[in-house]
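Okay, so here's the structure we're looking at.
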Amino acid sequence: MSQILALTVLFYFIQTYVSNPGISSLALSIYLKEALGLSARESANFVGIAFLPWMIKPIFGAIADSFPLLGYQFKSYFIVCYGLATGFFLFLATLKSYPLPVLTVGAVSISACIAFSDVLADKFMIEVGKPIGKTGLLQALQWTGMGLGGVITSYLGGQIAQYQTLSFAFWVSIIFPLLGIVVVLVWMPEKKVKSGTVSMRKSFHSLWVALRSPSFLAIASFVFLLGIKPLPPLLYYQRDVLRFSEEFFGVLGAFGFLGMGLGVIAFGIWFRQCQQKILLKLAVVAGALSAISLASIFDQNSAILAQILSNCAAIIAFLSLSEAFVRSCPDRIEGTFYACFVSVVNFAAMIGAIAGGWLYDRGFPFPLLAIGAALYGTLGWLFLPIANGNFTSDR
């Protein structure tokens, strides 16, 4: 059991270390802005393209369910994902210059590796934890690994962005994927299987059933409209107007993950058992609070407080929608249905960032955009009757 617990933490630690957000992400963002001269909208476009693999996770899930690799459902896929991520980072680290097309291809490739490994980590949590009644514990450990990785990665990423080169950041990014390969090879308990848990045809049929479900379309529309708040990349405002250093960006990111942890704890204690109608209202309010808190940033101290509050509220909003959505999943396609939900959330966030970047580039001040995003978020209240009608009653 100790192996399973440690692996669960490690998988999510690696995810935050490599690509979500990634120890090289701040150095890369600074490079895109100041070396390549990308605008806020162009940076948002880059991030959106880089995170496209996270929007097709249901397809990755269907592949993992249908095709064991070399007789293993988990071990071989983890090794391939971490091995490819290591190879892509190694390639980027050895370059002497970084044109935008090369960075884009590299970012998408690494993101695909980590998105696939995230699908495997979730699948591992369900298949290992469900028979022994430990899925709740494993989910808590997933958040622990993500939070721990986020704090460490953000802080060290700020130090690297301040004092080292982008090439050095890519070299450092190799460490934990390599460690993941060794740990999976030596320590991961798994028996060989002859076939997948379901056929590819059945997997994609389940995906099609989920996507064409009227309830999914209605709920996904609500989630999408709620998620496309036009907020530009915060780095541009904090760098151009407030003159924050790379080192402080790292500190700020660490406090942001602290706020996320507080939000997870608060949701687990006070809100997890709420009725679905309450959860949807909470999602609207918390989402608006997350946006408007960013309007109060005017110096380093206010930035830290705003980052904690914003991330705390944002994760409460996400978990509220997530909990309500899970309760409404049709039987036998729960995993696919939920993966589609997460894809919609990611896509909405990408569209919102691109729209916010476009407005910021045209002279709209960031505090005004944050207030506008919060006001837009409150419009979700008008769609609550429609959303409530498509969520099934509490189970």
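Note that the numbers count up from 1, one per residue, in the order the chain is shown.
Cβ coordinates are placed from backbone N, Cα and C, and glycine is handled just like the others.
Pulled from TrEMBL:
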- 45-64: transmembrane segment (TRANSMEM)
- 76-95: transmembrane segment (TRANSMEM)
- 101-121: transmembrane segment (TRANSMEM)
- 168-188: transmembrane segment (TRANSMEM)
- 209-228: transmembrane segment (TRANSMEM)
- 248-271: transmembrane segment (TRANSMEM)
- 278-298: transmembrane segment (TRANSMEM)
- 304-326: transmembrane segment (TRANSMEM)
- 338-360: transmembrane segment (TRANSMEM)
- 366-387: transmembrane segment (TRANSMEM)
Intrachain neighbours beyond the transmembrane segment (101-121), with Cβ under 8 angstroms and 6 or more residues off its ends: 8, 11-12, 14-15, 18-20, 28, 32, 46, 49-54, 56-57, 60-61, 64, 74, 77-78, 81-82, 84-85, 88-89, 91-92, 95, 142, 339
Most Cβ pairs under 8 Å with the transmembrane segment (209-228), selected from 168-188, 278-298, 338-360: 338-360
Surrounding residues of the transmembrane segment (45-64) on its own chain - C-beta under 8 Å, 6+ positions past either end: 32, 38, 73, 77, 100, 103-104, 107-108, 111-112, 115-116, 118-120, 123, 200, 203-204, 206-207, 210, 233, 335-336, 339-340, 342-343, 346-347, 350-351, 353-354, 357
Top Cβ-contact partner of the transmembrane segment (278-298) among 76-95, 304-326, 338-360 (pairs under 8 Å): 304-326
Cβ contacts under 8 Å made by the transmembrane segment (338-360) with residues that lie 6+ beyond its boundaries: 39-45, 47-48, 51, 54-58, 61, 119, 207, 210-211, 216, 219-220, 223-233, 236-237, 318, 321-322, 325-326, 329, 366, 369, 373
